[in-house]
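Pulled from TrEMBL, these are the features on record:
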type	residues	note
DOMAIN	35-73	domain 'Pyruvate phosphate dikinase AMP/ATP-binding'
DOMAIN	82-316	domain 'Pyruvate phosphate dikinase AMP/ATP-binding'
DOMAIN	323-375	domain 'Pyruvate phosphate dikinase AMP/ATP-binding'
DOMAIN	440-521	domain 'PEP-utilising enzyme mobile'
ACT_SITE	473	active site, tele-phosphohistidine intermediate
DOMAIN	539-931	domain 'PEP-utilising enzyme C-terminal'
BINDING	579, 635, 806, 827, 828, 829, 830	substrate binding site
BINDING	806, 830	Mg(2+) binding site
ACT_SITE	893	active site, proton donor
Ligand code: PEP
Ligand code: MG
């Protein structure tokens, strides 16, 4: 569980005597202070102060929440109640109503709201202030019995659930039974008498479950409600959510409570309630996007109980209010310079804004709105860039359904959150979590989702609901998480108990595969192939703005010509790491590599390398051509060579099998049944066939000899710590012909390109270097081969020669290494391993999860660069390297090169480039821009 961090300020308050201000009216609260007032409270203050029609109310601060939660006896801090009463008086004056009054009662909502929006994760209570007396007053005043009892039953249920801990299901059962009795399908069909009866039964439910009558004193109700909302900060949902989204106490600490005069969207057909976005949050298009319900309360829209209407329909239903709503939309966006997600209520023809917050949008929408708002001068280009978190772009790499698929959809709902996903259906969040953990891909299928389903969202690939609109809980949460969602697919009947869903004639059982397309709203049976997304024009433009401000260049790690071409489409400005060993693994190449390894003499080894030379040359040529005139960093062979041979156990088993085959073949060879074949799968995965005759025996013998040789070699090459062993430059110096072949391949490819005037930029990089002398030796090979290639091709190959910095000693020797190298590239995978003495192969599966859970290490150092340890080594290396050679080009090619925080650190170190996997390139380009803009901002402070 996330621990509660009591700020020093809150701690002081516990000891403080003098009255402290915990409560702020909407007229006085500082709209910029979200930490103190929560996002919702701060915005209610700001909207009030810029003249928007917000119902009167006040905010109880997050300080009050933390002080309350830290108190031993769970009492509100001294002064809170007095300040609440004082503020309630002001609300009474502003509304002309009185709290607890039997004539014209004031009702309030008690809403949660922390510094960071956590939609639906904490509690809210509506219609507070109802009891037998005020009920009568409300009846006298509104003359609307149905409305009054509707408000009452909602209040009892919400208060019962949130403040008194009565399970929701108890109320739902009573409610459904009464609907059934009344013969109605939707709650709007219930009469005043039905609702009155439901209210009576609800009061009884509360008494049965809690053993006490429902509280009738309105200030007692208010105090209980305030505490309940504060408590919801440490509730499971909220804690899970904060953990999942890494919300630290520095980002949001405690929830504020907003007490707001109730306005009613369910006062008849001139009343309505709705939720809207100033732009389409799914696509980012500049259209008014929202939904509303006439004669309903706010929760009805988001809970998906009734399917709402698109906001545009209000234009015909209530034209002048639609006009006011359009004005509100535009005022909100120009004031906040951000797409707003706001709630409104129309009470008897008067429009109120109940809350606003920055719209949560998927990456597509963020990119489009950023670009369009910059073009419309609402934002500067830099503001547009800073609006998007770099990691968010990863969402754009989500797959889409292959447009060539021919599947007929089973059902259609609303396209509520784009992207496509396949998985097995599950019908409740707990099962989703369970099956999701069992490494199944799951799609959570629900009638509607509720905040308590959040763990099911985390576990699922996508969400499908049969009720609710594009602003339903399911849609909002899925969009925030970047997961596909189809909402309101009304043809689907979900039966949670039977773990199945019916769609017309079809029945889907738990475990059946479905595919959902959140871009079209279609639902399909089975798994449908997906394709990679393409870049939108807006994203391309945004990334060019990023490149204009970034100081770091962004390269890609790519090992073959296809990967290099792909990296180019992501905007890679070069290849920062080509791991040449990966070229050796192709099935037609591996046997040659094995031949080279098994060679007993230098001649034999050279013969094998001669076969590899043209293959490597062609690979290098293709990559250089694909990237020309961008740099391509080619790293000489790095891993220990035993990695190209099968394991010892595997070889031993093969030998047993081959010997057995030989006996069989010898036994039957007299039958001369040469048509029959014996099969043996060799350790390279290929199936070898041996005929049943003398020839077969001979071939098996040869195979046995080869395997025995391999086994012997495996024994010879065995090392206790191969990662610290005979690899990298050490290998290159013991078997010079291997590196020489690779250097020749690079330089010949370069010369061939240069001869036809193609500007290629190879950079030869040596791995695992720990001393300058190693570099001197390899450089000598390079010079020798360069002279030969020059003579042979009559051109001077142009290239750079540099080193990886991935060994601690290399950092310490950076000055000496810089004398020999034109560039450094930090291999932070190995450097992290070496600095921590954590095996990069095992740590992440063994103890790092525990270290993260217990906060022993804040981040996984293989994911996020450890600036305190590894970073300090890098700093020293940069300093000493550049002291020796001021124009030394320095980059990073470990996994950290694509991680935004690490990229910021590389920028601060003054590196020239980062290199990461192709799909991370857009993320890195934006992160590099953020790093520059962050620096500029700090400089101007
Ligand atoms: C590194 O060590 O960071 C690196 C890039 O090399 P490899 O991952 O291939 O060891
Ligand atoms: Mg390495």
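Cβ atoms here come from the backbone N, Cα and C positions, even for glycine.
The Cβ of residue 579 (substrate binding site) has 17 other Cβ atoms within 10 Å, all protein chains considered. Take the CB of residue 828 (substrate binding site) and look out to 10 A: across all protein chains shown you find 28 other CB atoms. Looking only at the domain 'Pyruvate phosphate dikinase AMP/ATP-binding' (323-375), the predicted model's pLDDT averages out at 94.
Within 10 Å of the C-beta of residue 635 (substrate binding site) we count 26 further C-beta atoms, all protein chains included. Cα-Cα distance from residue 635 (substrate binding site) to the residue listed as 'active site, proton donor': 11 Å (rounded to the nearest whole number). Sorting the domain 'PEP-utilising enzyme mobile' (440-521) by DSSP state (H, G, I as helix; E, B as strand; all else coil) yields 18 helix, 29 strand, 35 coil. Under DSSP, residue 893 (active site, proton donor) is assigned to coil, being neither helix nor strand in the three-state scheme. For the domain 'PEP-utilising enzyme mobile' (440-521), the partner stretch with the highest count of Cβ pairs under 8 angstroms, out of 82-316, 323-375, 539-931, is 82-316. Checked against ligand 1, the recorded positions 635, 806, 828, 829, 830, 893 give 806, 828, 829, 830, 893 as the ones with a Cβ under 6 Å from it, listed in sequence order. In this structure, none of the recorded positions 635, 828, 893 sits close to ligand 2 with a C-beta under 6 angstroms from any of its atoms. The Cβ neighbour count for residue 806 (substrate binding site), using a 10 Å radius and every protein chain shown, is 25.
Long-range contacts of the domain 'Pyruvate phosphate dikinase AMP/ATP-binding' (35-73) within the same chain: residues 4, 6-7, 9-11, 13-14, 20-29, 80, 84, 87, 90-91, 94-95, 108, 111-117, 226-227, 230-231, 233-234, 252-263, 328, 331-332, 335, 350-357, each at least 6 residues beyond the stretch ends and with a Cβ under 8 Å from a Cβ of the stretch. In the three-state DSSP classification, residue 827 (substrate binding site) falls within coil. Around the residue listed as 'active site, tele-phosphohistidine intermediate', a 10 Å sphere centred on its CB holds 25 further CB atoms from the protein chains shown. Here the C-alpha separation of residue 806 (substrate binding site) and residue 893 (active site, proton donor) works out to 10 Å. Taking the centroid of the Cβ atoms of 579, 635, 806, 827, 828, 829, 830 as the substrate site, the other same-chain residues with Cβ within 8 Å of it are 577, 638, 767, 804, 825, 826, 831, 893, 894.
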